[in-house]
Every structure is written in C-alpha cells, then in structure tokens.
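Engineer: Sending over a structure as structure tokens; questions will come in a sec.
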Amino acid sequence: MITREFDTIAAISTPLGEGAIGIVRLSGTDSFAIAQKIFKGKDLNKVASHTLNYGHIIDPLTGKVMDEVMVGAMKSPKTFTREDIIEINTHGGIAVTNEILQLAIREGARLAEPGEFTKRAFLNGRVDLTQAEAVMDIIRAKTDKAMNIAVKQLDGSLSDLINNTRQEILNTLAQVEVNIDYPEYDDVEEATTAVVREKTMEFEQLLTKLLRTARRGKILREGISTAIIGRPNVGKSSLLNNLLREDKAIVTDIAGTTRDVIEEYVNINGVPLKLIDTAGIRETDDIVEQIGVERSKKALKEADLVLLVLNASEPLTAQDRQLLEISQDTNRIILLNKTDLPETIETSKLPEDVIRISVLKNQNIDKIEERINNLFFENAGLVEQDATYLSNARHISLIEKAVESLQAVNQGLELGMPVDLLQVDLTRTWEILGEITGDATPDELITQLFSQFCLGK
C-alpha cells in the first residue's frame, strides 16, 4: 500500500477566479499515468522532461472535451518535490480548473493538503525547513526588500550559517569525547578549558550577532506596526487614506465613525508600514465603540511606531493630554492636523518636535515619511545588501535558546567546571540549531508549519 506521504497529490496552484491561466498541479509516482488518462495529445511518458505539450483535457468516461491546454511534464528528481510533476495549464476560471482537478482525483490522485508540495520538497531533501519557510515569505512579501531577504533565505544563506555552526560544535564535541575516551592519543589536540572556551565564545558571538538582525529582519518581513491615534474626528482616517492614496477607512464629520481597528500597508522606502487606524480613544456608552476603543489601546501597546494626531485649530483637551501621557514611552511622532485653519493649540505644552500637516490640503504629508525614514532606516542602518537576517519568530526564539545554552557552557568554563560536564549544554545547542533547519524538528511542528501554506504550494 502506498503511504499518504508518497501517493500522488493534486491541487489548483493558481488563485481561484477569472484569469488568463489556471494551473492544476500533480506530484507523485503516478502523475504521468493519471495525466495521460485525461490528456489527448502526445504520450506524456515519452516526451522529454521539462517540456510543454499541447493538447486537450478529455473526460475519459464521456469523451467530453474539457479545455485546450498546455501540459508541463517534469520528471524526477530535477523537480521542486523531487517527484514526477505534471502541471496542466488551462484557461483561467473557477469551473474549468475545478473540473480538471476532479478528473485527476477521480483517476487516482488525492487532493493535496495546504503546503503539501513544499512539505514533500522538504521530506525529499530538496529544501531544508528554513528554505521551505522562505517560500511562504516570498509569497507573502509586501515589498522588494522583504522579498530579497526571503530569496536569500531560499538560496540557503541562513541554512549555510546554521549548518556550518552545527558542524563546528560537533567537531568540538568530538574532540572532547576523544580526549575523554582515548587520553593516550597524542595526535589529537587536547580539549582544555581554554581551547573549548575559545570556540564556544566564538559560537556565542556569532549567534548573538545574528540575533541583532532580528529587529530589522522582523521589520522588513512584517512591517513597522504603526498605530494612528487621536481623539475622535481629528483626521486619523483621512490621514490613513492620504498615506494609502485611496479610500479604505470611513471618513465622515461624525465623531466615532471608526468603530474598529483598520489595518492597511503602505510602502516606505521598500519597507512595509502596517498602518493601524484606531478608534478614537474616549469615554463612550456605545458598546460597539467601547470594544473599538479597547482594541485601540491594545494596538497602541503593541505598535512599533505611534502617530499621534492632534487638532491644531483647537486648544489641547483632556483627551489630548491623556493620549500624550499614555504614548509618552513609545516611538512617537506628533502630528498637528488642520493647519489650514487658524492655529490655537498650545505648542509650548507639547513635549517634542511636531510636524504640522493638513490632510485636507495634502500639506507636509511627505515630512511624515521623512521622519519615519530617519527613525527606522537611516539612523538604524536598516538594510545591508549582503547580510543574513533573522526575520522568522520561530528562528529568533530558537537562536535565543541556543545563545542561552552557550552562555551556560561559557559560565561553567569560567567557574572551572570540567569540560566533560558541559557536554550536555553544548549538545543541546547543537540540537536547538538543528530544529531551525529541520534536522531535529518534531513531526507535529513540521505538520503545523506546512499547514500555513496555501493549497497548491
């Protein structure tokens, strides 16, 4: 009996809906045999690998022509999954792609689970776990810089760094083991405390340096979470729309019309800015609006950046002062909106430099982008073209654990503990790093990771 892991799977690999092309993908030992049953054209078993072949998809039971197609035939092992792959290129459309998928399933294929094609690439050694995760990052990338990080990870930059470090740790462990078991060998360098500590300090410094890229990598991957706050009707939603250059939030003259948290992305110098337009924070008896206010407070706590919008044409209110207070420990930019009207706000009572804007007149909006650029990019040296970045929360957590384990080794060596007693912590470091690439990852976690992928990938 063919196991579920190695039967033939099929799925639609293009987004459902109308389009020029739709693709139904098959992977597995029986891909060619199944496709041949429903394809009228060249014998797919005899065509050269990695070729496109013209023909028609036919229902073998009725003889009905389903569509005019081009079939890509790719023979293992030089494929994404390292299995035989068939890609049926149809005319785009929900009905035709679904019909062809159902034909493939009827003739012996199984509907693929989310991410199962990439999972097979991992199980068959085509990619490691970091590269598989990079595939999803490429799909989800919102800017060119985020995509570049994912492409470097797919190319193996992070894998190489982790694998090389694991190998060096393994060499150190082997050296310690030989010294313990065969002390009479003179041709092996003695694993003294000084020798081992020099190496483990190098490992710790390398991984700590990698951890320093985590904040920048997370920003490039996920964006700068930016909360737009202010009392009701100061122009928060209008500012959001202006930055997005389209109407996504409800903009009216009635206070309290944003009753929930609205999230949108805008591209700032190749980095995604996740704009969160919060409900105005104020006391209210409206239950729905109260929920929005609570979510706004939560968004404020979690934001990387806060844009506090004040009304320049009115004196500071108690609500304004409350917002100034609760946002004072955040990375904040204060915006004075409605500067096209006479200014009455007391700027002397504001704690920092402000940016005067008029969303209505589209004045000084570019200065907001300049300030964000200075805060996060130029001053922080955000992007280095050839650097390897940590951007995945799973990777960051595991590297932190590996550093902690190495710190335990180094502290033990400092206290004069015998090297052999510290083997456990050093071995644990080696195992933790293996979880990043998938060499030592529980099956349940692997299943969970790939379940986040879309069907057909």
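Backbone N, Cα and C define each Cβ position, glycine as well.
On a predicted model such as this, the values are computed, not experimentally measured, just so you know.
According to Swiss-Prot, the protein carries these features:
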BINDING   R25, E87, R126, K457  (6S)-5-formyl-5,6,7,8-tetrahydrofolate binding site
BINDING   233-238, 252-258, 277-280  GTP binding site
BINDING   N233, T252, I254, T257  K(+) binding site
BINDING   S237, T258  Mg(2+) binding site
DOMAIN    223-377  domain 'TrmE-type G'
Engineer: Of these binding-site residues, N233, S237, which scores lowest on Cβ atoms within 10 Å?
Structural biologist: N233
Engineer: So of R25, K236, which of the binding-site residues has the fewest other Cβ atoms within 10 Å around its own Cβ?
Structural biologist: R25
Engineer: How many Å separate the Cα atoms of S237 (Mg(2+) binding site) and E87 ((6S)-5-formyl-5,6,7,8-tetrahydrofolate binding site)?
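Structural biologist: Each residue's Cα considered, S237 (Mg(2+) binding site) and E87 ((6S)-5-formyl-5,6,7,8-tetrahydrofolate binding site) end up 45 Å apart.
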Engineer: Between the Cα atoms of N233 (GTP binding site) and E87 ((6S)-5-formyl-5,6,7,8-tetrahydrofolate binding site), what distance do you get, rounded to the nearest Å?
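Structural biologist: Cα of N233 (GTP binding site) to Cα of E87 ((6S)-5-formyl-5,6,7,8-tetrahydrofolate binding site) measures 53 Å after rounding.
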Engineer: Report, as a single number, how many Cβ atoms besides its own are within 10 Å of the Cβ of E87 ((6S)-5-formyl-5,6,7,8-tetrahydrofolate binding site).
Structural biologist: 19
Engineer: In whole Å, how far is R25 ((6S)-5-formyl-5,6,7,8-tetrahydrofolate binding site) from K236 (GTP binding site) when you measure between their Cα atoms?
Structural biologist: 46
Engineer: When DSSP is mapped onto helix/strand/coil, what comes out for R25 ((6S)-5-formyl-5,6,7,8-tetrahydrofolate binding site)?
Structural biologist: strand
Engineer: On the three-state reduction of DSSP, what should I expect for E87 ((6S)-5-formyl-5,6,7,8-tetrahydrofolate binding site)?
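Structural biologist: For E87 ((6S)-5-formyl-5,6,7,8-tetrahydrofolate binding site) - judged by DSSP and reduced to three states - the answer is strand.
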Engineer: Enumerate same-chain residues with a sequence separation of six or more from R126 ((6S)-5-formyl-5,6,7,8-tetrahydrofolate binding site) and a Cβ-Cβ distance below 8 A; give 'none' if the list is empty.
Structural biologist: F80, T81, R82
